[in-house]
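Just below is one structure, and these are the notes that go with it.
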């Protein structure tokens, strides 16, 4: 069985998308589903290529028992072919991804990450980069909730994911 390939995307790949990657990775691990997934993150800019996530992002994750060791990388055109789900953190990055698309098949892979949380009208993960520690903590909570909602969506689409630990 092929793994479900998930890519989280933000601007610099040092705040939101690595937080989302770590959150979703930990969630599927806790559910005993790691074998079914390949999970990565990237940024639409190359501003921070090769850097670790922002220290404030790593601290917010650590407070929630998550470790972020990912190094930033820029989104590549081939990511559109490789990944099954490409999850943008905000509308700006979503628009960037849509402009990169050459077919409807690929278009159907791109989503706003928070769009899976039907209880929340706000569809973007706010960028905490210029914010406070509290903003980074809030982003961590947002990506955790969105990760749970996304996994619930995947369980509906792929019944074999409904297995228990």
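Each Cβ is built from the backbone N, Cα and C atoms, and glycine gets one as well.
TrEMBL has this to say about the protein:
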- 10: active site, nucleophile (ACT_SITE)
- 16: active site (ACT_SITE)
- 127: active site, proton donor (ACT_SITE)
- 4-153: domain 'Phosphotyrosine protein phosphatase I' (DOMAIN)
Rounded Cα-Cα span from residue 10 (active site, nucleophile) to residue 127 (active site, proton donor), Å: 9
Here the active-site residues are 10, 16, 127; which one has the lowest number of other Cβ atoms no more than 10 Å from its Cβ? 127
Using DSSP and collapsing to three states, where does residue 127 (active site, proton donor) fall: helix, strand or coil? coil
Helix, strand or coil for residue 10 (active site, nucleophile)? Use DSSP. strand
Reduced DSSP assignment, the residue listed as 'active site': helix
The residue listed as 'active site' to the residue listed as 'active site, nucleophile' - Cα separation in whole Å: 6
